[in-house]
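Written below as structure tokens is the structure these notes are about.
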Amino acid sequence: MPFPITNPVQTAQQTPKHYGITSPISLVLPKELDLVLTQKLTEALKPFGVFEEELELQRRILVLGKLNTLVKEWIHEISESKNIPASLIENVGGKIFTFGSYRLGVHTKGADIDALCVAPRHVERSDFFTSFYDKLKEQEEVKDLRAVEEAFVPVIKLSFDGIEIDILFARLALQTIPENLDLRDDGLLKNLDIRCIRSLNGCRVTDEILHLVPNIENFRLTLRAIKLWAKRHNIYSNILGFLGGVSWAMLVARTCQLYPNAVASTLVHKFFLVFSKWEWPNPVLLKQPEDCNLNLPVWDPRVTPSDRYHLMPIITPAYPQQNSTYNVSVSTRNIMVEEFKQGLAITDEILQNKADWSKLFEAPNFFQKYKHYIVLLASAPTEKQHLEWVGLVESKIRILVGNLEKNEFITLAHVNPQSFPGPKEGIDKEEFSTMWVIGIDFKKMEASEHLNVDLTFDIQSFTDTVYRQAITSKMFEPDMKITVMHVKRKQLHQLLPDLVIVKRRKHSTEGLRGMNDSSVDLSLDSDNSMSMPSPTSTSSSAAVKSAHSASTHGSAGTTVSSDSQSKTEPSGGTAPVGAQGTTDNSASTPSSLGPPAGKRPGSTLQSEKEKKLKVEEESTSEEKATVQKEEQAPVETEAAVEGELKMETEMTELGADEKPPAQKMASADLSDVPLLPANPIPVLKNSIKLRLSR
């Protein structure tokens with residue numbers, strides 16, 4: 001669909017009408033400095049790969065052309081097989097439409113293409129997933145072909161000549177599909193199946209956005225900048241409760257409507273100005289909603305009570321109007337608003353020539369931002385099961401964030417949209433795992449106040465939800481597991497050695513040597529870890545390769561932390577496991593999320609004692625104090641760190657079949673963190689309990 005390409009500088013006469021539901025805030029024309037800043041913005045974006053080379057763009061057009069031809073051929077064949085009159089077959093049509101970032105013209109290098117196959121009324125959805133699927137399979141350029149027919153929006157995924165494409169299907173109530181079909185026509189929705197309406201929605205919304213902005217080129221450059229900024233600042237993810245591509249596009253489009261003559265450098269600044277001061281939950285609308293009397297559910301808080309609870313509504317401009325941000329939570333909204341304010345401060349500096357655009361795209365270190373983190377690990381025994389399991393777990397993480405932020409002692413739960421490969425359970429057992437990290441801000445306390453924070457219910461309700469859906473959808477397999485643990489900031493580098501910058505401590509860190517990617521151990525800080533496994537088969541734990549490791553006693557015993565366990569039993573808690581060198585198996589409670597597992601034999605202390613002695617010989621007195629203090633973490637005791645929160649954890653062993661993940665660790669003098677035991681530390685009985693004090 002052709003759109004006018006205009007120069008960045010537009011006159012008021014070229015903008016005869018106002019866009020959106022209000023008059024513009026300003027019609028001021030850009031100055032020479034604005035044009036210079038826009039050029040600098042373009043240059044700043046180039047190193048991030050947000051612009052595609054002309055050759056690559058032509059290849060995409062070629063691939064879409066081939067796909068469009070295949071669709072026409074397929075519909076022609078289907079029409080013949082269904083005895084459609086020859087006079088109609090010649091003009092039956094069929095067409096591939098695009099939507100999303102490609103249609104908006106803001107796709108990046110290597111991005112996939114969202115496409116929609118539109119067919120006439122005699123072509124069934126079942127034909128699309130059978131005969132068209134088979135036709136695609138015959139094409140030598142097509143790889144990784146898979147159909148997801150049972151999805152909320154059914155889709156065929158494939159790689160066509162190296163370009164990833166997702167194809168949706170919509171069957172219109174038309175005899176033929178004309179080449180100039182405008183999908184924005186609301187009349188096309190009459191008598192349509194709900195799946196077809198959902199499939200059409202992406203194209204209809206994208207086309208409306210492009211028709212509702214005064215200058216498409218300015219809109220595109222601004223959107224490229226805002227999308228890059230959002231990704232760099234870890235707030236780009238609809239599924240995790242932030243904003244997805246279409247929501248960011250609508251916010252930028254609204255900014256363009258309010259400043260119709262502004263160029264990209266000004267629009268980026270105005271974007272932060274408008275939305276740092278926006279009075280949520282007032283909705284963002286690009287046009288007045290229209291009712292087409294098709295009885296489809298639309299976003300309307302006057303009619304639908306649940307719509308009144310949406311925190312950051314951004315309403316799609318095409319009928320049926322929907323809120324594209326229903327996943328947003330209190331935490332994610334607060335995080336985004338704070339980022340808008342910081343973006344405004346930075347762009348203020350840029351416009352005053354006090355900073356460069358590169359400052360706006362600097363990625364903050366998420367792993368230094370919070371003192372406490374919840375680490376979530378999803379693992380499965382095969383790659384196929386892992387892909388399905390990770391997709392399900394990720395789609396439910398916002399439930400965990402919602403649970404955490406409702407806890408009276410938590411002020412913020414910030415999930416990093418980027419996931420990371422997780423460590424395996426053992427070197428001899430093939431396992432695929434993915435890890436997410438959630439930053440936690442605890443409530444500020446009065447000087448004398450002590451708080452006991454129990455996250456057990458918050459986490460178990462999340463894991464229950466995931467397992468219940470996995471079982472209901474019949475995708476559950478016995479070795480699919482969820483592991484949740486609490487980790488302090490200074491210990492994160494054991495899980496993410498290449499990503500976490502460890503700040504230099506007061507004591508010497510000269511002995512700290514590098515750890516390779518696979519050399520991490522999930523048992524770190526597992527005083528606050530919690531395994532939520534499905535039924536698992538017994539497997540041998542990986543030995544920890546450490547300069548200070550020692551052999552353990554017992555065939556399947558778990559090593560718990562040293563002397564402090566036999567000496568310390570904090571008030572208000574249960575006796576720590578292995579306090580007398582034995583394990584009370586009666587205290588072992590199987591996970592509520594899977595069938596009961598066997599009990600784990602008694603734990604031993606000797607290896608940790610030997611390890612600690614060696615550490616003491618090599619450490620200075622200051623290092624010694626730090627190591628001793630932190631080695632108390634796996635038991636129920638206060639790990640006092642100056643200026644940080646103290647923690648107290650109640651521990652109970654799980655069964656032998658429910659071992660927490662462990663993996664080899666490279667030889668290193670970890671003077672900044674507790675030395676890890678040779679075998680996994682026992683994890684909690686489905687709970688994370690913290691005692692917080694100043």
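Glycine residues also receive a Cβ, built from the backbone N, Cα and C atoms like all the rest.
Annotation comment: TrEMBL describes 20-213 as domain 'Poly(A) polymerase nucleotidyltransferase'.
If you look up TrEMBL, you'll see F99, G100, S101, T108, D112, I113, D114, D166, K227, Y236, G245, V246 marked as ATP binding site. Long-range C-beta contacts of G245 (ATP binding site), restricted to its own chain and to partners at least six residues apart, with a cutoff below 8 Å, comprise G100, S101, K227, Y236, N238.
Summarising the annotation, TrEMBL assigns Mg(2+) 1 binding site to D112, D114. Over all protein chains present, the Cβ of D114 (ATP binding site) has 23 other Cβ atoms lying within 10 Å.
Take the CB of D166 (Mg(2+) 2 binding site) and look out to 10 A: across all protein chains shown you find 17 other CB atoms. As annotated by TrEMBL, Mg(2+) 2 binding site applies to D112, D114, D166.
Taken from TrEMBL, the feature domain 'Poly(A) polymerase central' applies to 218-362. Looking at the domain 'Poly(A) polymerase central' (218-362) alone, the prediction's average pLDDT is 95.
What TrEMBL records for 516-562 is compositional bias 'Low complexity'.
What TrEMBL lists as compositional bias 'Polar residues' is 580-592.
The compositional bias 'Basic and acidic residues' annotation in TrEMBL covers 607-632.
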Proximal residue to D166 (Mg(2+) 2 binding site) among binding-site residues F99, D112, D114 (C-alpha distance): D114
Sequence-distant neighbours of D112 (ATP binding site) in its chain (C-beta under 8 A, six or more apart): I163, E164, I165, D166
Cα-Cα distance maximum in Å, computed over every pair in F99, G100, S101, T108, D112, I113, D114, D166, K227, Y236, G245, V246 that the record assigns to ATP: 21
Neighbourhood of F99 (ATP binding site), C-beta criterion under 8 angstroms, separation at least six: D114, A115, L116, G202, C203, V205, T206, D207
